[in-house]
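Annotated features in TrEMBL:
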type    : residues                                               : note
BINDING : CYS8, CYS22, CYS25, CYS31                              : [4Fe-4S] cluster 1 binding site
BINDING : GLY62, LYS63, GLY64, GLY65, VAL66, GLY67, LYS68, SER69 : ATP binding site
BINDING : CYS222, CYS225                                         : [4Fe-4S] cluster 2 binding site
Amino acid sequence: MEEVPHDCPGADSAQAGRGTSCQGCPNQRLCASGAGATPDPAIEEIKEKMKTVKHKILVLSGKGGVGKSTFSAHLAHGLAEDENTQIALLDIDICGPSIPKIMGLEGEQVHQSGSGWSPVVSFHLFEISTPCGFLFLGMIKQFLRDVDWGEVDYLIVDTPPGTSDEHLSVVQYLAAAHIDGAVIITTPQEVSLQDVRKEINFCRKVKLPIIGVVENMSGFICPKCKKESQIFPPTTGGAELMCQNLEVPLLGRVPLDPLIGKNCDKGQSFFIDAPDSPATLAYRSIIQRIQEFCDLRQSEEENLINS
């Protein structure tokens with residue numbers, strides 16, 4: 001996937017998707033269609049629908065296999081531990097819609113009601129996924145506009161890897177409803193970081209706030225001797241150096257833990273089986289920082305409205 005060009009004319013330009021700088025851009029097809037320049041009437045409908053959702057978070061990754069969906073699910077699990085907090089999880093990852101498996105909701109069906117689609121419910125955590133092998137840009141619009149989420153504190157959107165039309169659509173549809181920002185997942189090695197740099201550039205191009213970067217699979221801590229081993233060595237400084245260079249927050253590092261995969265296969269929260277694991281402690285610290293970012297952003301918006 002090519003990096004979004006530095007001299008991008010912008011989605012609302014007459015040259016959008018047609019200029020020489022657009023060649024190779026992952027969003028060229030959508031821009032050329034005029035979707036970025038012509039206001040979609042669904043945007044206002046989605047804005048109205050999203051009034052009941054306080055915070056909206058996109059989870060992104062530059063490439064597949066870095067644990068993005070696992071992080072999305074555990075972000076939802078962690079936030080849902082507060083019984084007064086309502087969490088919604090939307091899976092639009094057509095490259096591998098694994099959220100139903102991780103959440104223990106395989107085979108569950110979404111039902112149609114008078115107020116829209118009813119998501120699958122697990123305690124006070126709501127989930128809806130794209131049908132495997134079937135994702136159109138209009139499907140994303142339909143999810144955001146027609147799902148009856150009800151009163152929700154956090155909507156977490158698990159996106160496909162890379163920077164595609166799907167990402168641009170979600171940003172476009174949620175922008176009017178005040179999206180909080182994006183959490184970007186990576187692993188320590190350069191082959192992952194080079195794609196994350198493109199992801200960060202994409203976020204800046206579309207003016208999507210970056211909550212921060214999470215370095216997943218960041219070493220392995222032996223449960224017996226407590227010694228740390230680097231399974232994926234950070235040969236170019238890892239996420240920490242990249243974040244310093246690009247002036248992006250590093251939310252934290254999550255070490256490898258075999259229990260994470262085991263619990264995902266069972267469809268249950270890893271935090272329950274391993275409450276004192278270094279990975280659990282890392283997750284909790286990261287989740288707290290995400291909450292603080294969202295709370296601060298909400299406070300700033302309220303002050304702006306009242307000023």
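Backbone N, Cα and C atoms are what each Cβ position is placed from, and that goes for glycine too.
TrEMBL labels come from automatic prediction, so no person has curated them.
A map of TrEMBL features onto the structure.
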residue : record                          : contacts (Cβ under 8 Å, 6+ apart)
LYS63   : ATP binding site                : PRO161, GLY162, VAL191, SER192, ASP195
GLY65   : ATP binding site                : none
VAL66   : ATP binding site                : PRO161, ILE185, THR186, THR187, SER192, ASN216, MET217
LYS68   : ATP binding site                : VAL59, LEU60, SER61, ASP93, ASP158, THR159, PRO161, ILE185
CYS222  : [4Fe-4S] cluster 2 binding site : GLU228, SER229
CYS225  : [4Fe-4S] cluster 2 binding site : none
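Take the binding-site residues GLY62, GLY64, GLY67: by the count of other Cβ atoms within 10 Å of each Cβ, the lowest one is GLY64. Every protein chain shown contributes to the tally, and the Cβ of CYS25 ([4Fe-4S] cluster 1 binding site) ends up with 22 other Cβ atoms within 10 Å. The ATP site, placed at the center of the C-beta atoms of GLY62, LYS63, GLY64, GLY65, VAL66, GLY67, LYS68, SER69, has further neighbours from the same chain whose C-beta lies within 8 angstroms: SER61, PRO161, ILE185, THR187, SER192. The two recorded residues CYS31 ([4Fe-4S] cluster 1 binding site) and GLY62 (ATP binding site) have their Cα atoms spaced 21 Å from each other.
Each of the binding-site residues CYS22, CYS31 was ranked by the number of other C-beta atoms within 10 Å, and first place falls to CYS31. CYS22 ([4Fe-4S] cluster 1 binding site) has GLY62 as its nearest neighbour among the binding-site residues GLY62, GLY64, SER69, going by CA to CA distance.
Counting Cβ atoms from all protein chains shown, SER69 (ATP binding site) has 27 others lying within 10 Å of its own Cβ.
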